[in-house]
Amino acid sequence: MTKLSVNINKLATLRNARGGNVPNLVKAVKDIESFGAEGITVHPRPDQRHIRYQDIHDLKDVVGTEFNIEGNPIPKFIDLVLSAKPAQVTLVPDAEEAITSNAGWDTIKHKDFLKDVIATFKEHGIRTSIFVDPEVSMVEGAAKVGTDRIELYTESYAIGYPKNPEKALQPFIKAAVVAKELALGLNAGHDLNLDNIAYFKKHVPHLLEVSIGHALICESIYLGLDNVINMYKNRLRE
Ligand SMILES: CC(=O)[C@@H](O)[C@H](O)COP(=O)(O)O
Ligand SMILES: NCC(=O)COP(=O)(O)O
């Protein structure tokens, strides 16, 4: 079964836009989980443009499903995650000024750093995942740093899907097969949406979790949050 983890970054963007506390993230998380989400994902960036560090403290005892905290493992991020003790931490090599996540880890170049960071989180009982491009060499490098899971960065699939779904998906199928052979759990995310998720789920084996945020929140403006969450879940069950 592939779990749906809802990324609430863009609810925080909306909240911050007016300087108040609407939408209230605590209420939103409770509602999103009641609608059927199987996880909550947040990505506190260094500039706290949407999810703030305080949000993590406010949400850590509210999330009743799986809490997944994503981010670049700078020291203050590591301290934040260790204090929150989420179900999962996903390491993302974001440049601070990046408008969004735009690359997976070079798990060969950063092997020693990733080994140390992952060991720290695992010592504290936190499941680890690292954000990687769908490249076999990067998946093999991920296995060598001791991570529990990888998250395949799906932007290239989202871009290629409308033109040639089969071609866009090939690297992800290969990466998924290798991940299984190396006993790595498989997550995926970035730019997945209601149009492209079913084909991805149908053809990529061993997929444990997808984390979806930007498209899901935008689709919910038209179709409603409860309805959209269940539309994703139905597509993940096909
Ligand atoms: C790692 C990834 O692709 C997303 O989880 C990321 O959280 C999106 O970040 P923004 O919501 O800031 O675009
Ligand atoms: N890890 C991907 C994620 O959490 C959400 O990415 P997106 O759907 O906002 O592109």
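Quick reminder: no glycine exception, Cβ is built from N, Cα and C everywhere.
Please treat TrEMBL annotations as automatic predictions, because they have not gone through curation.
Positions annotated as active site, proton acceptor by TrEMBL: HIS43 (among others). According to its DSSP assignment, HIS43 (active site, proton acceptor) is coil. Cβ neighbours of HIS43 (active site, proton acceptor) (same chain, under 8 Å, six or more residues apart in sequence): ASN7, ASN9, HIS50, ILE51, ILE69, GLU70, GLY71, VAL92, SER101.
Residues or ranges marked as active site, proton acceptor by TrEMBL: GLU70 (among others). Note on GLU70 (active site, proton acceptor): other Cβ atoms within 10 Å of its Cβ, all shown chains, come to 29. Reduced to three states, the DSSP call for GLU70 (active site, proton acceptor) is strand.
Taking Cβ-Cβ distances under 8 Å and a sequence gap of 6 or more within the same chain, the neighbours of HIS190 (active site, proton donor) are THR100, SER101, TYR153, THR154, GLU155, ALA158. Here TrEMBL flags HIS190 as active site, proton donor.
DSSP assigns ASN7 (3-amino-2-oxopropyl phosphate binding site) to a strand. ASN7 (3-amino-2-oxopropyl phosphate binding site) has a Cβ environment of 24 other Cβ atoms inside 10 Å. Under the heading 3-amino-2-oxopropyl phosphate binding site, TrEMBL lists ASN7, ARG18, ASP191, GLY213, HIS214.
If you look up TrEMBL, you'll see ARG45, HIS50, THR100 marked as 1-deoxy-D-xylulose 5-phosphate binding site. Classification of THR100 (1-deoxy-D-xylulose 5-phosphate binding site) by DSSP places it in coil, neither helical nor stranded.
According to TrEMBL, the site 'Transition state stabilizer' annotation covers GLU151. GLU151 (site 'Transition state stabilizer') is surrounded by 29 other CB atoms, counting those within 10 A of its CB over all protein chains shown. In the three-state DSSP assignment, the secondary structure recorded for GLU151 (site 'Transition state stabilizer') is strand.
Proximity of the recorded positions ARG18, HIS43, GLU70, GLU151, HIS190, ASP191 to ligand 1, judged by a Cβ distance under 6 angstroms to any of its atoms, singles out HIS43, GLU70, HIS190 in sequence order. With a CB cut-off of under 6 A applied against ligand 2, the recorded positions HIS50, THR100, HIS190, ASP191, GLY213 are reduced to HIS190, ASP191, GLY213. Of all Cβ atoms in the shown protein chains, 19 besides its own fall within 10 Å of the Cβ of ASP191 (3-amino-2-oxopropyl phosphate binding site). ARG45 (1-deoxy-D-xylulose 5-phosphate binding site) counts 20 other C-beta atoms within 10 Å of its own C-beta, drawing on all protein chains shown. Counted within 10 Å of its Cβ, the other Cβ atoms near THR100 (1-deoxy-D-xylulose 5-phosphate binding site) come to 12, all protein chains included.
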